[in-house]
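See below for the structure under consideration.
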Amino acid sequence: MNPAVGPNIKLECDAKRGATTMAKKSTPWSVEEVTTFLHYIADDKIQRELDGATRNIKVFQEVSTLMSTSGYSRTAVQCREKLKKMKGEYRLVKDNNNTRGASRKNWKWFDLMDSIYGHRPSSVGREGGLDLATASLHDDDIGNSMKKPTTSRASTSSISTAQTPARPQTQTPTRAQTPTPSASSTPLGKRKRGGEELALLERQLAQQKEHQEQKLAQQKEHQEQNLAEQREDRALQKEDRALQAQYMNQTMVEAREARVLEAALRREEMAHAESFNVSFLRTLCQVLGGTGSQRAPSPPPL
């Protein structure tokens with residue numbers, strides 16, 4: 001057997017098996033490692049590549065290379081999954097903090113993530129940008145609150161006009177009739193307060209409806225992003241399975257070639273050994289034959 005064939009195949013198999021095991025079993029990220037990772041993600045060049053890439057695994061391979069230069073060993077898949085989880089947490093915290101009446105959440109990576117994605121519009125690529133609706137929710141609320149008083153005054157005046165009863169016709173009461181209270185007997189102050197309360201209720205209902213529509217739009221956009229990420233994950237898994245199948249086929253071919261070479265070497269060694277044995281036996285027979293002829297007794301003299 002050739003001594004250089006077997007060990008090379010074993011070393012190559014061990015290296016590829018170690019890479020696969022490392023991709024599956026990820027060690028926890030340290031604080032310094034996450035800070036370095038976000039520093040590379042915030043780079044303008046990386047953001048532009050993420051914005052314009054549909055299959056962005058090459059971009060994360062570049063990030064993985066940058067991480068290795070800083071002394072951290074992370075694969076492209078690990079970098080991609082880490083950014084995906086951190087973006088999901090960032091969306092949850094930001095949506096919660098922009099929701100009225102909700103208790104504020106704190107996250108130690110929020111400031112760094114907000115400096116990267118807080119100013120980016122939703123029209124940017126899926127890995128590069130975040131929700132425009134989430135980022136501008138507070139500004140919309142301020143604009144709506146500034147516009148509401150004019151609308152409420154118009155609504156109040158229209159409702160007060162609509163609720164002002166027509167002047168009742170004067171009728172000559174008879175003795176048998178009992179005077180009944182009419183709408184004109186309601187004080188003007190009460191009618192005005194009722195119109196203001198109705199306008200306030202309408203404003204509250206409009207605000208609730210607007211908030212629900214914004215929340216539904218955000219949920220729909222998040223679902224679409226999750227579906228796109230799932231489709232890309234399935235495509236990456238399919239590509240990984242194809243690479244594994246190709247690697248297995250190549251390994252089987254190399255193992256078959258190694259067995260054929262080993263069998264040929266064994267046949268050659270057996271042929272050399274057989275030739276050596278035949279030559280040795282022939283030489284031994286010659287030596288033994290010459291010795292016997294020399295020791296044969298001479299015939300006695302007559």
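Note that Cβ sites are derived from N, Cα and C of the backbone, with glycine treated the same way.
The domain 'Myb/SANT-like DNA-binding' annotation in TrEMBL covers 28-116. Confidence for the domain 'Myb/SANT-like DNA-binding' (28-116), expressed as mean pLDDT, is 90.
Look at TrEMBL and you will find 137-193 (among others) tagged as region 'Disordered'.
Look at TrEMBL and you will find 151-187 tagged as compositional bias 'Low complexity'.
Look at TrEMBL and you will find 206-235 (among others) tagged as region 'Disordered'.
Positions annotated as compositional bias 'Basic and acidic residues' by TrEMBL: 208-235. Across the compositional bias 'Basic and acidic residues' (208-235), DSSP helix (H, G, I), strand (E, B) and coil residues number 28 helix, 0 strand, 0 coil.
Residues in the domain 'Myb/SANT-like DNA-binding' (28-116) partition by DSSP class (helix H, G, I; strand E, B; coil) as 62 helix, 0 strand, 27 coil.
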